[in-house]
Amino acid sequence: MTRISLTRYLVEEQRKHNTIQPELRLLIEVVARACKAISNAVSKGALAGVLGSAGTGNVQGETQQKLDVIANEVLLDANEWGGHLAAMASEEMESFYEIPNRYPKGEYLLMFDPLDGSSNIDVNVSIGTIFSVLHMPKPGQTVTEADFMQPGTHQVAAGYAVYGPQTTLVLTVGNGVHMFTLDREAGSFVLTHSNVTIPDDTKEFAINMSNMRHWAPPVRRYIDECLAGEEGPRGKNFNMRWVASMVADVHRILTRGGVFMYPWDKREPEKPGKLRLMYEANPMAMLVEQAGGAATNGHQRIMDVQPEKLHQRVSVILGSKNEVERVTRYHLEAEDKA
């Protein structure tokens with residue numbers, strides 16, 4: 001059986017659908033190479049002295065881990081000189097990073113969470129890199145933050161790399177979801193799962209149950225029904241999973257179904273959610289929808305949300321379509337009664 005590398009897959013998609021421009025193909029390959037470098041750093045862990053806090057904070061007010069900083073630098077260094085990008089934006093940087101004038105500039109914008117789930121680094125649990133690609137609205141002109149303010153429907157590619165027992169790159173360019181496993185001996189990502197689909201129904205949910213007392217009534221209603229099991233209104237037993245790493249939780253859902261929820265809660269009522277829209281929720285929503293699932297903020301499709309700022313937050317409910325639609329319906333019913 002012929003093994004299909006990431007490069008070959010992208011070239012063949014370019015030939016078949018003519019939707020992957022050569023510059024986009026090269027950009028994705030550069031991101032993949034950066035993910036290989038990050039995977040190598042993660043796998044060395046304490047041997048390379050990369051565990052623990054960096055002693056700094058990011059724009060979100062979160063403590064940066066050493067690997068957060070390393071992963072961010074790897075992605076910046078790998079992508080700035082290739083000529084495919086006009087600018088980049090990262091969870092770890094307050095403002096966007098425009099490609100320096102000493103390098104050629106391209107027609108794409110890249111956004112990323114360089115190391116999602118970094119609180120799990122020191123305990124050796126799966127973490128990952130999430131990325132999203134947009135067209136630069138005005139190629140050749142000076143980049144502004146407004147250029148990034150595009151809804152998720154404008155994404156031309158989205159994906160993540162999960163660093164676990166295997167390193168797996170999960171990608172969509174708008175023609176389904178495909179998974180590539182890193183062959184460390186060959187040094188390349190190899191296609192291992194094509195056209196991944198999420199089942200419409202599930203018996204598994206992922207949410208941080210310790211926050212139950214802070215949830216809005218629609219979320220409480222949904223979880224209470226799940227916990228009631230066979231004797232409850234759902235008539236079936238549910239299992240709960242929670243890794244505290246969005247990449248790991250979404251990867252499980254893409255692999256076997258389920259629903260992931262990181263909802264608004266009363267602890268910080270002024271914030272619409274915890275996760276970031278532009279480089280966490282949008283790329284994951286694109287992947288989930290391309291796999292036949294759904295993704296909403298409880299009120300509307302995530303990819304229809306119009307961004308207003310780079311680090312905008314959003315409530316997230318995504319995964320198996322029928323479950324996401326049920327949770328969303330509960331939110332809309334609560335709105336109608338209010």
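Keep in mind that glycine also has a Cβ here, set from the backbone N, Cα and C atoms.
Counting only same-chain residues at least 6 apart in sequence, those with a Cβ under 8 Å from the Cβ of ASP113 (Mg(2+) 1 binding site) are SER90, GLU91, THR129, ILE130, PHE131, ARG276, TYR279, GLU280. Under the three-state DSSP scheme, ASP113 (Mg(2+) 1 binding site) falls in the strand class. The Mg(2+) 1 binding site annotation in Swiss-Prot covers GLU91, ASP113, LEU115.
Mapped onto three states, the DSSP output places GLU280 (Mg(2+) 2 binding site) in helix. Swiss-Prot lists ASP113, ASP116, GLU280 with the feature Mg(2+) 2 binding site.
The substrate binding site annotation in Swiss-Prot covers ASP116, GLY117, SER118, SER119, ASN208, LYS274 and rests on sequence analysis. Non-local neighbourhood of GLY117 (substrate binding site): VAL125, SER126, ILE127, GLY128, VAL243, ALA244, SER245, MET246, VAL247, ALA248, each in the same chain, at least six residues away, with C-beta under 8 Å from its C-beta.
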How many other Cβ atoms sit within 10 Å of the Cβ of LEU115 (Mg(2+) 1 binding site)? 31
Taking 8 Å from the centroid of the Cβ atoms of ASP113, ASP116, GLU280 as the cut-off, which other residues in that chain fall inside it around the Mg(2+) 2 site? GLU91, PHE112, GLY117, GLY128, THR129, ILE130, TYR160, MET246, VAL247, LEU275, ARG276, TYR279
If you pair up every Cα among ASP116, GLY117, SER118, SER119, ASN208, LYS274, the residues annotated as binding substrate, what's the maximum separation in angstrom, rounded to an integer? 16
Give the number of CB atoms, excluding that of ASP116 (Mg(2+) 2 binding site) itself, located within 10 Å of its CB. 30
How far is it from LEU115 (Mg(2+) 1 binding site) to ASN208 (substrate binding site), counting Cα to Cα, in Å? 20
